[in-house]
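What follows is a set of notes on a single structure, which appears directly below.
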Amino acid sequence: MNVYYEKDADLAYLQGKKIAVLGYGSQGHAHSLNLHESGLNVRVGLRPESASCAKAREAGLEVTSVAEATKWADIVMVLLPDQNQKAVYEAEIAPNLEPGNTLAFGHGFNIHYKQIVPASSVNVIMIAPKSPGHLVRRTYTEGNGVPCLIAVHQDPTGEAKQQALAWAKALGGTKAGVIETNFKNETETDLFGEQAVLCGGSAELIKAGFETLVEAGYPEELAYFECMHELKLIVDLYYEGGLSRMNYSVSDTAEYGGMTRGPRLITPAVKAEMKKILEEVQDGRFAKEFIDECNGGYQNLSKLRESNSNHAIEKVGAKLRNMMSWLIKK
């Protein structure tokens, strides 16, 4: 894969351009402020009733409606929730785009699954920092940055890749490294990781471990500590140095037990189910299911949220976290 750094990106491809960032959430605030402080001409596009309008203005940014920001801009970055992007695009973005404009995204979902199909006269790019927005912002203010992905979907002007690299540089990303990919690979790996490992797999593993201990007669408090609370300690070791760092850092007892018992849990049958989940991402079945869920008023998701919130691990966890001074907001 191609990896780019400071010397490979030139802010000149954005200087003199009018840039609209649509959304001011986790990523939106980081993109807006980092580009603004990199000397670029940035406006934020929001719904007039959005509570984020005041926050953006307090940060020194100019705020207008989504339609006005798009009409004004040469480059439009869409950082709205996936499920909202299609409707906003059709109503407020598409009518205000002109040939030669650039449409940018932080995630490939709507382009890859053809929920949004821009005119062929418009550049379509992606700049995706591989961290939460607060870390994108913090590392920038410290003079550093986080690794980013870039991709080009359409390039009628011949400058799409250079614009994506310049954007990543303005975020601070070229100080860490910018990896070139495509919308398909970014979208499919992102969704699979969320479903099979990060959000789906890990949550179910935690609940199953907690339930196993409680059903065997152990106190809920101990089950919580062993199956939920201490997970952060292990994940931090993975994050800092991979599997080897974790195995080096834990006791020999933990290392041996994990290496000999772990494969009994994550069996070939589990991996086969992972492949099925990946296939549903690849062929669009998950995307269709999620879009239908959103259009239907989140009925299934609402039930799942309620079930999760009522799980015993949530109740004992809330009680135990009150004992942890570092978690109590002052």
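Each Cβ is built from the backbone N, Cα and C atoms, and glycine gets one as well.
Features of the protein shown, as given by Swiss-Prot:
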ACT_SITE  HIS107  active site
BINDING   TYR24, GLY25, SER26, GLN27, ARG47, SER50, SER52, ASP82, GLN83, ASN84, GLN85, GLY133  NADP(+) binding site
BINDING   ASP190, GLU226, GLU230  Mg(2+) 2 binding site
BINDING   ASP190, GLU194  Mg(2+) 1 binding site
BINDING   SER251  substrate binding site
DOMAIN    1-181  domain 'KARI N-terminal Rossmann'
DOMAIN    182-327  domain 'KARI C-terminal knotted'
Request  = Identify which of the binding-site residues SER52, SER251 has its Cβ surrounded by the largest number of other Cβ atoms within 10 Å, counting every protein chain shown.
outcome  = SER52
Message = Just checking a number: largest C-alpha distance across TYR24, GLY25, SER26, GLN27, ARG47, SER50, SER52, ASP82, GLN83, ASN84, GLN85, GLY133 for the NADP(+) site, rounded to a whole Å.
response = 20
Inquiry  = Taking only C-alpha atoms and a 10 A limit, tell me which of HIS107, GLU226, GLU230 are near SER52 (NADP(+) binding site). These are the recorded positions.
reply    = none
Query = Around GLN83 (NADP(+) binding site), how many other C-beta atoms are within 10 angstroms of its C-beta?
reply = 16
Query = Hey, what's the Cβ neighbour count for GLU230 (Mg(2+) 2 binding site) at 10 Å?
reply = 11
Inquiry  = Please list, in sequence order, the residues in the chain of GLU194 (Mg(2+) 1 binding site) that are at least six apart in sequence and whose C-beta is under 8 Å away from its C-beta.
reply    = GLY200
Cβ neighbour count within 10 Å of ARG47 (NADP(+) binding site) = 14
Message = Cβ neighbours within 10 Å, counted over all protein chains: which one of the binding-site residues SER26, GLN85 has the most?
response = GLN85
Key: Euclidean distance between Cα atoms of ASP190 (Mg(2+) 2 binding site) and HIS107 (active site), Å   = 9
Note = Taking every residue in the domain 'KARI C-terminal knotted' (182-327), the average pLDDT works out to 96
Key: Rounded to the nearest Å - Cα separation of ASP190 (Mg(2+) 2 binding site) and TYR24 (NADP(+) binding site)   = 22
Request  = Take the C-alpha atoms of GLN83 (NADP(+) binding site) and GLU230 (Mg(2+) 2 binding site) and report the distance between them in angstrom, rounded.
outcome  = 34
Request  = May I ask which of the binding-site residues GLU226, GLU230, SER251 is closest to TYR24 (NADP(+) binding site) if we compare their C-alpha atoms?
outcome  = GLU230
Key: Distance, SER26 (NADP(+) binding site) to GLU226 (Mg(2+) 2 binding site) (CA atoms, angstrom)   = 31
